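**Q** Structure incoming, see below.
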């Protein structure tokens, strides 16, 4: 086992601290994934199309009601409240479409595909394109090279990036606006587009699926353009555009926090050290306060990553049942108040210090570029 821990002071967390606590999160777990599966109650695996559709109905009704109320009152005092609320619901709709992509929505593939296309196209997400890349993320979670979402940059790639690109990636809130760019261009060091049927993201057999989803996405975009001419662009921006930006910020923040920002530095793997189980155990549960229910318990992320076929409405029970097997490999999330303000601190702190991982070693930890913000500060002084 090779652990890349050069320049120890630049590594988030300290191996000495882990040894003092008697626990190393990068050590082989003493249990197998079958042990976790056996601990989860049978009812947690049952999918109910009616129950899943009830959440879709709830969210669509809430989105429509909010939009009608905002247009009716048309008050600049209320618009900011509407934007936050509606953007939050757009994120909830995304989560339901995400469930369709995993097949946890129902055991009926056609229903999953139809509902998934409707939900994701509405918020300008190419359903199959994202579904397939997200499947890659789950199949390779925690792998430095093969993971798909918020992948750590190897040191050589990081240091070859223009300084402006590094600043864009590691200056809050800019990373929280990355999702549309990711859909078109993926992450640094990776090629392909979620809209192109011939992208390296997809197998030849998946090209028709990608074309279908890109067509649905295009229809939604054309509808928004048409409404801009039919009504006026400012109204479309207020009713849809700003909530879309809030949704993107929710998506980027939540997906980042599920894989970064824990108080204890967590490992990433390569080569023979990686396994599906070890990669899944590097994910993090989060408590989103009042948003837990609104966002369909997306914060129960560890069990979701290991068993994505479990419906979201059973994830709390499944997590509770699996904790005794996971032991210290499960990191109990900090209890949130009504509004999860504490997560903002975790997000900002992680982005400021989790910059790259070593080019070598099968178990690596994030390291910090001590000159990233110093360079920017010195340059501003010169100017």
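Note that the numbers count up from 1, one per residue, in the order the chain is shown.
In case you wondered, yes, glycine gets a Cβ from its N, Cα and C as well.
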**Q** Name the residue range among 93-97, 98-102, 103-107 that Swiss-Prot annotates as motif 'Histidine box-1'.
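**A** Residues 98-102 are the ones Swiss-Prot records as motif 'Histidine box-1'.
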**Q** Which sequence-distant residues neighbour the transmembrane segment (53-73)? Criterion: at least 6 residues beyond either end, Cβ under 8 Å.
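**A** Long-range Cβ neighbours of the transmembrane segment (53-73): 79, 82, 85-86, 89-90, 92-93, 96, 115, 119, 235, 238-239, 296, 313.
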**Q** For the motif 'Histidine box-1' (98-102), give the DSSP counts of helix residues, strand residues and coil residues.
**A** 5 helix, 0 strand, 0 coil
